[in-house]
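TrEMBL lists Arg9, His10, Gly11, Gln12, Thr13, Lys14, Phe15, Asn16, Arg63 with the feature substrate binding site. What TrEMBL lists as active site, tele-phosphohistidine intermediate is His10. Taken from TrEMBL, the feature active site, proton donor/acceptor covers Glu90.
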Amino acid sequence: MSRTIYLLRHGQTKFNLERRMQGHCDSALTELGVAQARAMGATLRAELGSLDNWQVFASPLGRTMQTAELVCAELGLASRCIQPEPRLIEVGFGDWEQQQVQTLHTQYPHLATLPDWHFQAPGCEAYADVVQRLENWLADDTLPDQLIVVAHGLLGRILRGIYAQLSPAALWEQDMPQDAFFRLQNGSLTRIECQPLPIVSV
């Protein structure tokens, strides 16, 4: 695999803070989320050095586009460089979107025993469909060899699992950080921690 992918999750959002299922719905970044996005951009700038031949792709949802714009600002790139990619959109959580996680786990106690409990939601996008669109994206020959990708928590976990050929157990054990990102290269995953930046009130 000659392609190198830097995979970032969007910064903290209002729904993340409230522990609500987000999926295809959206909420804006919090002040912490803005600082996280800037920190990812600053860390990525130090990691890459030269930006020659790197292209930026992002899920078209508002929180990922906002994060990508902040990352690009730290990289010295214009926001017009961001290429929206529908195949990178978060998993759709059906009837559970905007619901609080604690409420769902109280209502359905068995969810605590299921590592892939997100896919139990009525009207949820099927796991097989998520895998198919991510496999199609990874196999897309039109993509460049040097990619910066801003995506989502659950989707990013599945994408990393597919890329590194993780077992189902290992896939679901992965975390979904907003203060670190991953380098996907030669079939391996490398976690890169971000140096926190000050939170600026607006």
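Along the chain as shown, residues are numbered 1 onward.
Glycine too: its Cβ is placed from the backbone N, Cα and C atoms.
Unlike curated entries, TrEMBL annotations are predicted automatically.
Across the fold, the C-alpha of Thr13 (substrate binding site) and the C-alpha of Glu90 (active site, proton donor/acceptor) stand 14 Å from each other.
There are 27 other Cβ atoms within 10 Å of the Cβ belonging to Gly11 (substrate binding site). For the pair formed by Gly11 (substrate binding site) and Glu90 (active site, proton donor/acceptor), distance between Cα atoms is given as 14 Å, rounded to the nearest Å.
The two recorded residues, Phe15 (substrate binding site) and Glu90 (active site, proton donor/acceptor), have Cα atoms 14 Å apart. Least packed by the Cβ count within 10 Å, out of the binding-site residues Arg9, Phe15, is Phe15. For Arg63 (substrate binding site), the same-chain residues 6+ apart in sequence whose C-beta sits under 8 angstroms from its C-beta are His10, Gly11, Thr13, Gln22, Asp26, Ser27, Ala28, Leu29, Gly33. Annotation for Glu90 (active site, proton donor/acceptor): same-chain Cβ neighbours under 8 Å, separated by at least 6 residues, are Gln22, Gly23, His24, Ser59, Leu61, Ala151, His152, Gly153, Leu154, Leu155. The Cβ centroid of Arg9, His10, Gly11, Gln12, Thr13, Lys14, Phe15, Asn16, Arg63 marks the substrate site; residues of that chain outside this set whose Cβ lies within 8 Å of it are Leu17, Gln22, Ser27, Leu29, Thr30, Gly33, Thr67, Gln178, given in sequence order. Most Cβ neighbours within 10 Å, among the recorded positions His10, Thr13: His10 holds that distinction in the structure as shown.
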